[in-house]
Amino acid sequence: MAQHTVYFPDAFLTQMREAMPSTLSFDDFLAACQRPLRRSIRVNTLKTSVADFLQLTAPYGWTLTPIPWCEEGFWIERDSEDALPLGSTAEHLSGLFYIQEASSMLPVAALFADGNAPQRVMDVAAAPGSKTTQIAARMNNEGAILANEFSASRVKVLHANISRCGISNVALTHFDGRVFGAAVPEMFDAILLDAPCSGEGVVRKDPDALKNWSPESNQEIAATQRELIDSAFHALRPGGTLVYSTCTLNREENEAVCLWLKETYPDAVEFLPLGDLFPGANKALTEEGFLHVFPQIYDCEGFFVARLRKTQAIPVLPAPKYKVGNFPFSPVKDREAGQIRQAAASVGLNWDENLRLWQRDKELWLFPVGIEALIGKVRFSRLGIKLAETHNKGYRWQHEAVIALASPDNVNAFELTPQEAEEWYRGRDVYPQAAPVADDVLVTFQHQPIGLAKRIGSRLKNSYPRELVRDGKLFTGNA
């Protein structure tokens with residue numbers, strides 16, 4: 001694999017020499033940092049099984065190497081990367097996999113370790129969505145996830161990835177993560193804080209990541225991280241699990257932040273060792289039981305993961321002073337909900353009791369029941385999935401609902417050819433050789449729902465959202 005030149009400040013190298021365990025070679029660290037990062041993907045088990053995914057992609061000649069800490073994760077090598085980006089493959093467009101760095105799969109593995117099965121989870125810094133979608137898959141779209149993102153520009157990307165992966169149990173918020181301890185005290189069974197950090201572990205992906213690095217900036221970032229972990233710990237219920245992670249390597253932003261929390265709440269914080277998380281985890285284990293992953297250990301990004309348990313309640317913070325405002329939705333009455341459910345089922349859309357119908361004007365939404373306790377406590381950017389818009393002739397079913405709820409075995413499902421599916425993703429109407437009989441057609445490809453079409457004569461009218469339409473070469477070049 002080709003080398004690339006990484007910029008290392010002298011003070012950073014000094015710091016790394018001091019931080020690195022004696023069992024590791026500093027020369028190996030430098031060599032690993034100069035190697036480009038291995039690409040990796042995670043199979044979306046909400047859409048397919050790992051076995052079915054491997055069978056589907058076998059003709060492409062991809063080399064998939066299992067990632068030890070994530071059963072559905074693989075390092076991927078493929079000859080056609082220049083000809084066809086992974087993001088343009090049919091399997092990616094339909095949400096069968098997520099392009100995710102291997103080490104970033106570690107925090108969610110830690111969150112669900114030892115049979116942990118939380119029902120209400122918060123992802124404090126969620127964009128672009130790799131960990132939120134991984135959490136949703138582990139929860140099998142049950143329960144509820146609050147996915148927060150402080151950066152307004154990244155909320156849209158977060159929603160797009162959640163929608164592509166067919167996720168229905170997520171509520172999105174746009175807050176500074178430091179508000180949650182006061183706003184929603186002891187409301188979550190599990191919390192992931194993948195904290196903003198100095199990014200020292202990402203130099204294999206971005207050789208210039210350390211151009212603005214300084215020891216002073218590490219200290220400033222660590223101060224923010226302490227405030228974030230304190231807030232998250234307040235939002236965690238007693239007995240709940242908190243996973244703290246970063247993609248940086250210095251102790252100040254990693255071990256020291258967790259030790260500060262334990263010093264602050266000595267009777268309420270328990271460190272849960274991660275040495276048995278996967279075979280070989282002990283190679284990165286710290287004396288506290290955390291995983292401090294230097295890039296040469298597993299040939300991945302540098303990363304840090306700690307798992308904590310809240311053993312008892314702590315004093316509640318003063319209530320926040322902001323006003324949430326009136327909630328613009330109201331629950332749909334049972335009789336009407338039954339009619340809506342019946343109409344949705346006729347086009348292949350079905351949902352279980354984890355989701356409840358709500359209405360705003362002519363919009364119909366499905367909210368995860370587990371998030372209802374937070375209504376009135378935080379302001380949501382987006383909640384659940386938009387099911388439909390009502391009009392005089394019935395319902396206009398929404399694309400994100402089709403991706404999340406549709407069964408490909410529905411009587412009105414219509415399987416496209418690869419060429420027809422490409423036309424669909426380009427936003428063009430499709431002219432199949434043998435047109436379907438139904439007027440409302442559930443369009444599928446590779447037996448996966450990819451949209452809903454109106455049949456007009458021999459034409460399938462495209463309803464693929466304009467913002468998702470793709471240009472350039474697509475997947476007929478996969479094989």
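Glycine is no exception: its Cβ is also placed from the backbone N, Cα and C atoms.
The S-adenosyl-L-methionine binding site annotation in Swiss-Prot covers Ala125, Ala126, Ala127, Pro128, Gly129, Ser130, Lys131, Glu149, Asp176, Asp194 and rests on sequence analysis. Under the heading active site, nucleophile, Swiss-Prot lists Cys247, citing sequence analysis as support.
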Which of Ala125, Ala127, the listed binding-site residues, has fewest other Cβ atoms within 10 Å: Ala125
Cβ-Cβ distance under 8 Å to Lys131 (S-adenosyl-L-methionine binding site), same chain, at least six residues away: Ser104, Pro107, Val108, Asp123, Leu192, Asp194
Spatial separation of Ala125 (S-adenosyl-L-methionine binding site) from Cys247 (active site, nucleophile) - C-alpha basis, Å: 13
Number of other Cβ atoms within 10 Å of the Cβ of Asp176 (S-adenosyl-L-methionine binding site) across all protein chains: 12
DSSP three-state assignment (helix, strand or coil) for Lys131 (S-adenosyl-L-methionine binding site): helix
Cβ-Cβ neighbours of Cys247 (active site, nucleophile) (radius 10 Å): 24
Among Ala125, Ala126, Ala127, Pro128, Gly129, Ser130, Lys131, Glu149, Asp176, Asp194, the record's S-adenosyl-L-methionine binders - longest CA distance, Å: 20
Structural state of Asp176 (S-adenosyl-L-methionine binding site), classified by DSSP into three states: coil
Packing count at Gly129 (S-adenosyl-L-methionine binding site) (other Cβ atoms within 10 Å of its Cβ): 27
Three-state secondary structure, which DSSP defines for the residue listed as 'active site, nucleophile': coil
